[in-house]
């Protein structure tokens, strides 16, 4: 019988499960598919926004948008057009129900488990195709899938030691080349993010001005310590690099932001004699705030345009 068996909602950046349907099938095939779900969850940030994995008598389909992925398991003969309409409906309801901040800051698995009620209702509707609303424009979905078919993931790719790293340079029909990580778009800028960006620029400018003053003092007094000049300019570079990390996506972005914050702290510790406590507190606090905003602004999933 052609049907949808289970579905789940997963955060793209780290594979954290946010919600899932409650399934009771403990067959060997289902257990194997759950393993594939977990393996795919860890690779979502490296995959296109629409994919299909064929696993014998089952298919796993998923779409990703705005940092969240919607995954479903169905029998191999379940129509693709209905599968992606189902996922699109989950996406629209989830985005309407939960704001982006909640999904970005969630720390425990299945913290939106109440969304399972909607998943179950929608799954029942799609498993009974006669009851589906006639308002759904399946023709548009069929055209969309024909023009831009989902990327077909093979089981051998899923089990490779290098994961999906090679997909960054792979071209699949309808989308051109998949963007490499450094060119990946980030989520929209928030007001706290703008504030942190401006404050980081301000701290960088203050460090730069003090650095030039330190050079003038060094030229006038030979006894001045040149290491203060280095500390000021390193502080400037660290602040500007935080601005860069906030605006652009790079590999190891979070780790770089923490290292940059550590450099800001070290520079201010060294400049302890030249700054009062309020100045030190301001520079360190701005550095910490900018690091937090870099951490919160994650890569943005491509928003599928299904027109349904």
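Backbone N, Cα and C atoms are what each Cβ position is placed from, and that goes for glycine too.
Annotation comment: TrEMBL describes 8-119 as domain 'Longin'. Here TrEMBL flags 189-209, 229-248, 255-272 as transmembrane segment.
Applying DSSP to the domain 'Longin' (8-119) sorts its residues as follows: 48 helix, 30 strand, 34 coil. With a threshold of 8 Å between CB atoms, the same-chain residues lying at least 6 positions outside the transmembrane segment (255-272) that come near it are 207, 227-228, 231-232, 234-235, 238-239, 241-242, 245, 280, 283-284, 287-288, 290-291, 294-295. Beyond the ends of the transmembrane segment (229-248), by six or more residues, the same chain brings 182, 186, 193, 196-197, 200-201, 203-205, 207-208, 210-211, 214-215, 218, 256-257, 260-261, 263-264, 267-268, 270-271, 283, 286-287, 290-291, 293-294, 297 to within a C-beta distance below 8 angstroms of the stretch.
For the domain 'Longin' (8-119), the model gives a mean pLDDT of 86.
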